[in-house]
């Protein structure tokens, strides 16, 4: 290998945050999503789209091993992060979840003060810096500081739904992850709150890699740089369906010039 090709290979590797290699995830004996090859680019927003039941949320949760908490859920294949297989026996799943944070569909603040919602995760992860500065910085990055700065001792549950979701984003940021996963983070929010979350995501990608699952195709167009479209097919002798990756490309290509007919049908609203 020449130095030029070696440098190019290293540069390519540095641009990939997460690499999913032939990933199949099953619940019991039934596969939920199969044979996925997918590389998530560093410093970009990647959207997973597709009809209900195609396995996109299951796949998202596999990136930080949240599926480990589901009895009977197994993964075959490899999920690489910084060149390390996250499912290797030597890997600590707690550390995985610190470095790859998660924001859920429903806002779920802790029953603690706004300040403690942000500080708690950092504290239990051994943060020894200035906690006040970390809390303020995290709330600012999540675009909720101005709404919270004068009531940091109030309960996080006293905030509006949109504010709670941005608080949850701040809580995730405070643990200093490298990747943030978002599972339909705006589905329970009103349009104004959704817009604020989307604006926040544009700022966050300057510091974090983001992967978002969304049923809202317009949202995928607005916020993402790259999009993966998943579909599902029936399985012989089974009542359910199994998801699979149809097409993965930059977002403009997926929505304006898709390579697969199924992608064209989905983004044009013919099914979903």
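First residue shown is number 1, and so on along the chain.
From the backbone N, Cα and C atoms, a Cβ is placed for every residue, glycine too.
Given the structure is predicted, the values throughout are model-derived calculations rather than measurements.
Per Swiss-Prot, these features apply:
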{"type": "BINDING", "residues": "50, 51, 52, 53, 54, 55, 56, 57", "note": "ATP binding site"}
{"type": "DOMAIN", "residues": "18-257", "note": "domain 'ABC transporter'"}
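Structure with Swiss-Prot features highlighted.
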{"residue": "50", "record": "ATP binding site", "Cβ within 10 Å": "25"}
{"residue": "51", "record": "ATP binding site", "Cβ within 10 Å": "16"}
{"residue": "52", "record": "ATP binding site", "Cβ within 10 Å": "10"}
{"residue": "53", "record": "ATP binding site", "Cβ within 10 Å": "17"}
{"residue": "54", "record": "ATP binding site", "Cβ within 10 Å": "26"}
{"residue": "55", "record": "ATP binding site", "Cβ within 10 Å": "26"}
{"residue": "56", "record": "ATP binding site", "Cβ within 10 Å": "27"}
{"residue": "57", "record": "ATP binding site", "Cβ within 10 Å": "21"}
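The ATP site is defined by 50, 51, 52, 53, 54, 55, 56, 57, and by the 8 Å test on Cβ atoms against their centroid, the other residues of the chain that qualify are 230, 232, 243.
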